[in-house]
Amino acid sequence: MVPREQAEEAIVADGNGKEEEMGVMGVGAAADGDEHGGSGKFSVKNLFWHGGSVWDAWFSCASNQVAQVLLTLPYSFSQLGMLSGVLLQLFYGFMGSWTAYLISVLYVEYRSRKEKEGVSFKNHVIQWFEVLDGLLGPYWKAAGLAFNCTFLLFGSVIQLIACASNIYYINDRLDKRTWTYIFGACCATTVFIPSFHNYRIWSFLGLGMTTYTAWYLAIAALVNGQVEGVTHTGPTKLVLYFTGATNILYTFGGHAVTVEIMHAMWKPARFKYIYLLATLYVFTLTLPSASAMYWAFGDGLLTHSNAFALLPKTRWRDAAVILMLIHQFITFGFACTPLYFVWEKVIGMHDTKSICLRALARLPIVVPIWFLAIIFPFFGPINSAVGALLVSFTVYIIPALAHILTYRTASARMNAVEKPPSFLPSWTGMFVINMFIVVWVLVVGFGLGGWASMVNFIRQIDTFGLFAKCYQCPKPVVAQSPVPLPHH
């Protein structure tokens, strides 16, 4: 355990608006066992607003990992086939959990080192690019900042596209582009949520919503049964195969916000295995829903990237659509909040106490997201492109390389705050796993996946065009004029 003098400060606001300084191991002004983040008095504000426990972090990780991707995984199964779809989910799920663990280790190392220099993080949220800067220098900071911000930008874009795609299945009187305008304005209200410390109730509700949606997809597909003439020919083309594979890589690469979630915890060092536990729960949602949908609809999913499109309109489906819309609003906030932090630091507003001033300063971040969602409304294919080109580096390659370089010397390993885990007590073993991840993701994820996803993405542009008004919407039935009867 890190000594008291080596513990960094993390902001924990109590119910009276006071601030307490807590260390990376949970040592600070409050008692070590006190995990309510305040004076010990119960309040509704603490219950719903101030979340920094292990459970809060678990809900945040699980909720953030399974948003609209639930609706695109059946599409990926149609590209990959059933066996590859299941195996790749397990493979990338455990790989993503490992790199999330690496990020948590590097975060704790960074905080401990900065404490020795007398640095305080009061009123400052640590982010991934700052961890890279502190451990490896400015070039790594630049790489982390570029990849992370671009990924979060497009992650937010994807949520807006998903909102428009989903609501269309309840109300098709407006086209998807118009719905994007509307939901862009709605999602802009996330500028008022200060940090991940304030997502307690939203994370809890969000996971409940995706749980309902996942089991609705699975049960509805089984009840509906296999459609007439269903075929399961996947995989048929390399382009489709690697496009589907990178969508799954994207599914379990949702931890670009890991550092911010850790920083919101009262005891960040407890984060180590939270992402793995969250992933195990996510498997119970993604595997049954995607498998059942592919079993029922087979190759029909190849032209329907949103699973809702193939299920009959019922009140159960409408409920799932509405719940997913609310959850996508929450996930938009998850993806945007780190961008808000970066922008606040750039313009010198990060230490500002006023929520309204910070909200006003954050608004310029929403505008480009809104615009990109209107340009590229390709629900499904955009996930694969983002996964191959951005997630591959942000979530897999950079953390694995950063861990190797941070602990490359004997002195760094000897003085490491976090030693190798009990199930792999060898530094050499850790480095071997990290190098495997780097090579695999670089070749399969970025290389082959990037080629396939960009070919597919360009194909969508050629087919539907930029600024598509209604991507993959059913074509209106043109009433045919009656054939005139012959005159006698």
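Quick reminder: no glycine exception, Cβ is built from N, Cα and C everywhere.
Here is what TrEMBL says about this protein:
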DOMAIN    50-443  domain 'Amino acid transporter transmembrane'
TRANSMEM  86-108  transmembrane segment
TRANSMEM  145-167  transmembrane segment
TRANSMEM  179-197  transmembrane segment
TRANSMEM  204-223  transmembrane segment
TRANSMEM  238-261  transmembrane segment
TRANSMEM  273-297  transmembrane segment
TRANSMEM  319-343  transmembrane segment
TRANSMEM  355-379  transmembrane segment
TRANSMEM  385-406  transmembrane segment
TRANSMEM  427-452  transmembrane segment
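Through the fold, the transmembrane segment (204-223) approaches residues 59, 62-64, 66-67, 70-71, 74, 285-286, 288-289, 291-293, 295-297, 307, 311, 314, 316-317, 319-320, 323-324, 326-327, 330-331 of its own chain, all at least 6 residues removed from its boundaries and within a Cβ separation under 8 Å. The stretches the transmembrane segment (319-343) and the transmembrane segment (86-108) are not in mutual contact, being linked by fewer than three Cβ pairs under 8 Å (pairs 6 or more apart in sequence).
Counting same-chain residues at least six beyond the ends of the transmembrane segment (273-297), those with a Cβ under 8 angstroms from any Cβ of the stretch are 54, 57-58, 61-62, 65-66, 69-70, 73-74, 76-78, 82, 85-86, 89-90, 93-94, 96-97, 100-101, 104, 210-211, 213-215, 217-219, 221-222, 224-227, 230, 232, 251-252, 255, 258, 304, 307, 310. When each of 86-108, 238-261, 355-379, 385-406 is checked for Cβ pairs under 8 Å to the transmembrane segment (427-452), 385-406 comes out on top. At the 8 Å Cβ cutoff, the transmembrane segment (179-197) and the transmembrane segment (86-108) share fewer than 3 close pairs (sequence separation 6 or more) and do not count as touching. Ranked by the number of CB pairs under 8 Å to the transmembrane segment (86-108), the listed stretches 145-167, 238-261, 355-379 are led by 238-261.
Remote same-chain partners of the transmembrane segment (355-379), defined as residues 6 or more beyond its termini with a Cβ less than 8 Å from a stretch Cβ, comprise 68, 72, 153-154, 156-157, 160-162, 164-165, 176-177, 180-181, 184, 187-188, 191-192, 194, 305-306, 336, 339-340, 343-344, 347, 349, 457, 460-461, 464, 466-468, 471-472.
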